[in-house]
Amino acid sequence: MDSSNAFHCLLPLLVFSLLVVSFSSPVYSLHRDDKRIHPNNQTTTFRPQDQLKKLKLIRAHLKKINKPAVKTIQSPDGDLIDCVISHQQPAFDHPLLKGQKPLDVLDRPYDQSPSGEAESESFQLWSMSGESCPEGTVPIRRTTEKDMLRASSVRRFGRKPRRRIRRDSSTIGHEHAVGFVSGQEYYGAKASINVWAPRVTNQYEFSLSQMWVISGSFGDDLNTIEAGWQVSPELYGDNYPRFFTYWTSDAYQATGCYNLLCSGFVQTNSRIAIGAAISPTSSYNGGQFDISLLVWKDPKHGNWWLEFGSGVLVGYWPAFLFTHLRSHATMIQFGGEVVNSKTSGFHTATQMGSGHFAGEGFGKASYFRNLQVVDWDNSLIPLSNLKVLADHPNCYNIQGGINRIWGNYFYYGGPGRNVRCP
């Protein structure tokens, strides 16, 4: 590959590696002037009135996002799952949705490829007791005071920190191993994503595996839809892999959020709780489990739908949330990402995927399989010209391939800090 072609292959990832900004800041306390004070600053004075003000902010926000439940289910991992009447979920706080109800199920994309095998699917811990939410309700993970107290900013809880997107990836602290396609019009994407429980070494790092549906420039107008699994101790308070979604229409500035933590995504399903822990998970040299996710644009109304597993519609992002994604996506990306906060000056030991490099293969390395995109005719088709790239291959790497059963696939991941990744 000549240097010009190499640059063009690298550019989309280098640019996009700046996008997914985590809750990677240290803990801060709020002062009376609302400036953030670093916890290690020993001159900070404890002011009860500031703590009271913060607690009032938290309780007001909790009242806004935790909707009245007709039933509450206790999950084995400690979560409370509230069964909320579907048209009372947070999405319907949006001015353009007030007074409406969720849309009905619409046409799923036509899959041109024959099904080579029955899909292995993971499920969620909260539903293992056999309890479920009644029809007409949606299961929502209850947000607690503890959740919000862990966040570095009360006002932006559930959102990624607001910061300018830079074209220099060297200082941002995010590392990727991804496959991507670009250069055409895309109307959705599908993949089966291997689920693991990678070790995350501190509260303000995360490890995730997801799909990105992207449109717009890499400036203030960037639109993304994101779905997958993540281990995020700051957001959830534990190290379980959890099913998550995210969206933004302005490069993470003022719009969008994780899961149902703001008005936007409309959930239509009573069986899947966004933000809830996935179980079982894969084990090294043991059982392998994956989740199949499909995001596609409804040709009639233009909304972007999300499917989990075999035909389970989770809900949709209304078209009006977006600018560029009102028409189509211009890039699809699949893969893993971690935050490297370089605690004590060393590379993080936070794992990506299984924590093992791609070369170890099935049962040891994490994978994405059956990668597809949705074309203009609402058909699922194999990828053409999939590029794979790891920006720190001595820490986390990726290897792509194609075969009759798995279609387009790749193995990816790694341990982070090691002798070649100091």
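Count begins at 1; order follows the chain as displayed.
Each Cβ is built from the backbone N, Cα and C atoms, and glycine gets one as well.
All annotation found in TrEMBL is predicted automatically rather than curated by experts.
Just so it is clear, the model here is predicted, and its values are computed rather than measured.
Looking up the ranges 109-138, 139-168 in TrEMBL, the one annotated as region 'Disordered' turns out to be 109-138. In the predicted model, the domain 'Neprosin PEP catalytic' (168-422) has a mean pLDDT of 95.
Away from its own ends, the compositional bias 'Polar residues' (121-130) comes close to residues 73-77, 79, 81, 139, 195, 240, 243, 271-273, 276-281, 289-292, 309-310 of its chain (Cβ-Cβ under 8 Å, at least six residues beyond either end). The DSSP breakdown of the compositional bias 'Polar residues' (121-130), given as helix, strand and coil counts, is 5 helix, 3 strand, 2 coil.
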